[in-house]
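Inspection log for the structure reproduced underneath, given as structure tokens.
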């Protein structure tokens, strides 16, 4: 009997690779993964083990577990009863404390707990100091001075004194931000843990927890990535042609951005996404869609820039990579070179002692496709991909568009649960009821389980690719959550557009022909306010004007920040500081505060920002001329011009024009600039140099190269 790989032996005796690996480890035989080789003597031992356990194992197990399970459970209950009491007691205490704190906060803020006059006042009951300091306190969105005092077991007056020493004037009911709470807590050596509270609009609030026993194995979701022209599309088409069409007789294949194939009763979902941009966009929106990445590398071309980019994307998403070495049927194919180059990027082939699976194939002829699919199934088995089909569906949008006949159409990938026709659904910031579902071969279906791509209609608007979706119990809840999410997004967009700072004035959107900066000016005395306002309004920059919407004497207050936020303004403070509330509000509202002590520095800063706000004007300046005296043709580089600088200088980052007989025949950029064998940044008049022009090779002796730069005209 010859040696066999783990997965081959597992396949032969119809047992999973994981069971074989576990059995080998029990026999003290070390194996790393399903691709490891098994020696002959080990195969014999495995044969004996699995043949012996084939029939009687089930009966023994049943007999054993049948009698023992109730006893074990009873023992566990008896053993764990005492500690659980203590734990439950502690939990109840913590919950009671938190509940009391919440009630007390509500009483302090006079918002919700208006139950009557018989209650004791908060000051009488709330602030009984505790003896011991806690190790850790929890912080949600904010915490009042009184609540912080109670958490720390201190008198509120003590906390207020400490805040005064930090320059923060606060009352007992005033809310503190996280930084301030951490500062005060650190004074007592107490840690602050931030607790994230899910809002009504967040899907996490409506998530159903899955029990381990409800989870079932689901098909893997595979994305194919790689460099342009390395055969991604051909590979997808080849898999679709050999597996989808033959398996779906009479089915009309339509493009919905994803499709499924079936091999030996097991399904695989392929995402037909347009390259890395869509992959990255989905990840940026929090959509971890892909389970396995197929990295396509052409055997005749090797690793290219987009290949490296694809590797980095897959690694950042922590997704296993299978390398498909394509175009092996070409005469110039060199798979070993591909392996060598990928090793430099951390993808070491199994044949060389690594963990990355390499599959040589030809997408054009179909050679190696079956082996690739087998490897995908093996990796998915090792990854243990599971989902619960008996719950309300959740997943991700793959594609979405507005169809003239159907309205809003979205391709969804169900990641957990089962989606049914008629389900009330929220998709991103849109909502609706699933009116119709079409699978990847154009057939109408009534339900779709985990890892299944379907095209649905029935949404009120078009969602974005990468948006999450969740099915709700009723249409009323779905509508309210969908509308709330849409409103929240609109507010965020307005907030993002409205907030102006001096740093990002260059990127601000033009509002008609007039551009203006709104300012709120605060100073220590009225004279300074008037002088500063007058000086700012005298700034004369073409096309931009200063609009002072509010002036005042004294510290920058919360009302100043709210006004600035509503008016898209920048706050200027002269010899004054913002108070604690103003700081926290400015951070929350993203309002830019600029503090100065010298008037001319305020003027200079605003003037510079206003100049940057204008569209820059440029003029061309010729910096040098080069005469081409000789040309050299080099393979893989192109034509090198041996030149002599007749005027000025030529630099590596300058623009160039190639002039022949007084006519400009090409305008572009310098690719390489050398003096002898060294790369140089510039070459001056009277020196020789070697030049290559980016994406242009028709250079002849006698040509003139004119070097120029674009200079920004300074506004006056």
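Using the three backbone atoms N, Cα and C, a Cβ is placed for every residue, glycine included.
Keep in mind that this is a model prediction, so the values were computed, not measured.
Feature region 'G1', per Swiss-Prot, maps to range 226-233 of the set 210-217, 218-225, 226-233, 234-241.
Segment annotation: Swiss-Prot labels region 'G4' over residues 326-329 (candidates 326-329, 330-333, 334-337). Check Swiss-Prot against the ranges 201-205, 246-250, 251-255 and you find region 'G2' recorded for 251-255. Residues 272-275 are the range that Swiss-Prot records as region 'G3', among 264-267, 268-271, 272-275. Remark: secondary structure over the region 'G1' (226-233) totals 2 helix, 1 strand, 5 coil, with classes taken from DSSP. Sequence-distant neighbours of the region 'G1' (226-233) (same chain, 6+ residues past either end, Cβ-Cβ under 8 Å): 275, 295-298, 301, 304-307, 310, 326-327, 363-364. When Cβ atoms from all protein chains are considered, those within 10 Å of residue 232 (GTP binding site) total 24, not counting its own.
The Cβ of residue 226 (GTP binding site) lies under 8 Å from the Cβ of 232, 295, 296, 297, 306, 307, 310, each of these being in the same chain and 6 or more residues away along the sequence.
Model confidence over the region 'G2' (251-255) stands at 44, taken as the mean pLDDT rounded to a whole number.
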